[in-house]
Amino acid sequence: MLVYRFRTWVLLLLVIFPDPSLSHFDSAKKKQMREKVRKMFYHAYENYMTHAFPHDELKPLSRSFTDSLGELGNLKLEHLPQNYNGTALTLIESLSSLVILGNCTEFERAVLWLSENLTFDVDARVNLFECNIRVLGGLVSAHILATDSTNRLVQGSYKNQLLVLAEDLGRRFLPAFDTPTGLPYAWINLKYGVMKNETTETSTSGCGSLILEMGALSRLTGDPRYESAALRALRKLWSMRSSLNLLGTTLDMETGEWIEHSSGIGAGVDSFYEYLFKAHILFGKEDFWRMFHSAYLAVQKYFRHGPWYHEADMRTGKATYWQLTSLQAFWPGLQVLVGDIAAANTSHREFVYVWKKFGVLPERYLLDHQMLHPTEKYYPLRPELAESTFYLYQATKDPWYMEVGETIVNSLNSYTKVEGGFASIRDVTTMQTEDHMHSFFLAETCKYLYLLFDDSFLVDRNYIFTTEGHPLPVLSAWQDRLPEIYIPSNWTYVKDEKQTKRSSAMSLQVCPALSLNAGHGEQLAESACHVLDARSDHKCFGDEECGVDSTSCRRRSCSMAGYCGLWLVKQKEIHWSSRPVVKYFATYERMRPSWKHSTPILQTQLFLYSKLIVVQSYIPTIIENTKPSRL
């Protein structure tokens, strides 16, 4: 018995105290990786400035350019502008990155060139969403950085020229919102407005991911029209949700009817969720919190399957497509902001597994067949995995995430770096390159990797990053009411014992990392949806004494033995399938090599998953009347 107890305590010590000496990331290594990313950025930037500027994007293989703003989001390449010569898109996207890398001289030079040469009075049909996040967001963010009195980035020569350009662009957006529903057209001609017979089809992201940039423009200019238009569209979109609080992917903005009812957290929807929460942080509106709260819990309930997220029908919640898309890799980063570190951790590691399997992250991977999508095998230098890695390191300071960053950097240099810049991958199975370097490689991919190894830009500052990686400061002057969670002096410790036990961190708006009941055993809300069990020892007499699981956001129940948990067996019946068990086991096996680099919460989960597999192997021998069903 003494030996058993000793072994138990050894296990607990290993779980609680991961060994930091196992990581090779000391300060010298971090500096080395930072300089490696810096060289990547300038290799791409200088090639763009040499071979493509002032056009939109670089073609690194042919060392030429493409005026691609009219092509973004235009899969069929219809109605392309004839006399359009670019808007220096990649330069605009690089502005905040130059500041983060500390190159104020180049930033000032770029600002002055744009001030004197950039115009939006061009006959070009552009995608409203893409132009908003890339161009408007880049200009607004750069203007704020240029006028930051602590930076003095532009020495006496800046007179709000970028804000003037941003406002000019914002005014050109407004005709797109002049619709019966308030939902904007997906396409707008920068010179002539909405074209005759323009398509009325748009996406959830296209309607619901405009509030940060347009809201910031209103706060800077004092003109409420931009924020009002974006907010009206967002509220109309939310009113179209199903009874399950789910939205579809595409819709008719003129009639307000859904076209595609299946959706997930990937393409067409992703930034909608992101902007709900970030708008709450930036502007403090409770409406944003309530919308995000409902939407997030619906995602966790209907889309999540173990560490993965599939797509589902917004009307029924039934799974439609079992696939991983590279855009989904942003989700763990968003979960870090919410406070769901454990859930973010498990999903992030699955994306890392796929990255290591192929060398980069393919655009689409079929989960049910464990194979690549036959036609979407490309990797266009996307930043989402680097972004989530940065957020997770910031939240945990676990050096394993720096090792992930090193893997990403090495892959990019091995497979995508060419003499003329960095090239997209056409096929991840052959690593055949494609003659295109997207502007977001400089705006996001390099930026998040640099911040992973050197976050000095963020010291004593509070920023949120747009979906295109452009930093916007969290300012009290912009807040309708600054959320209490972001004011340390107002952090709320709930005094009522019953409320503490039966409420979630999200509903109380209490930072999940804080103790909810410091005087009673330090019970912690581990995620935004976590509801604690009524008793700290998890004993129970009925289901009403059990809470909500912190990772899956599913209701826990009381077992026949009198303990709360996510039980698969109840009243002589077994409700389980081999599929989730296999998933958990695969996750556990893949994550075992990183055990001692993982966070305590994740280590505890791995231990429980391994025990769950052992328990389930005995269930069929002791329980009769088995009834398989999908979890």
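A Cβ is built for glycine as well, from the same backbone N, Cα and C atoms used for every other residue.
TrEMBL annotations: computationally assigned, not manually curated.
Feature annotation from TrEMBL assigns signal peptide to 1-23.
The active site, proton donor annotation in TrEMBL covers Glu130 (among others).
Per TrEMBL, the feature active site maps to Asp270 (among others).
Taking the Cβ of Glu363 (active site, proton donor) as centre and 10 Å as the limit, one finds 22 other Cβ atoms among all the protein chains shown. The active site, proton donor annotation in TrEMBL covers Glu363 (among others).
The number of other CB atoms found within 10 A of the CB of Glu384 (active site), across every protein chain shown, is 25. For Glu384 (among others), the entry in TrEMBL reads active site.
TrEMBL lists Thr467 with the feature Ca(2+) binding site. Sequence-distant contacts (6 or more apart, same chain, Cβ under 8 Å) of Thr467 (Ca(2+) binding site) comprise Ile133, Ser209, Leu212, Asp270, Ser271, Glu274, Tyr275, Phe330.
Here the Cα atom of Glu384 (active site) is found 11 Å from that of Glu363 (active site, proton donor).
Around the Cβ of Glu130 (active site, proton donor), 20 further Cβ atoms fall within 10 Å across all displayed protein chains. Cα-Cα distance from Glu130 (active site, proton donor) to Glu363 (active site, proton donor): 19 Å (rounded to the nearest whole number). For Asp270 (active site), other Cβ atoms within 10 Å of its Cβ number 24.
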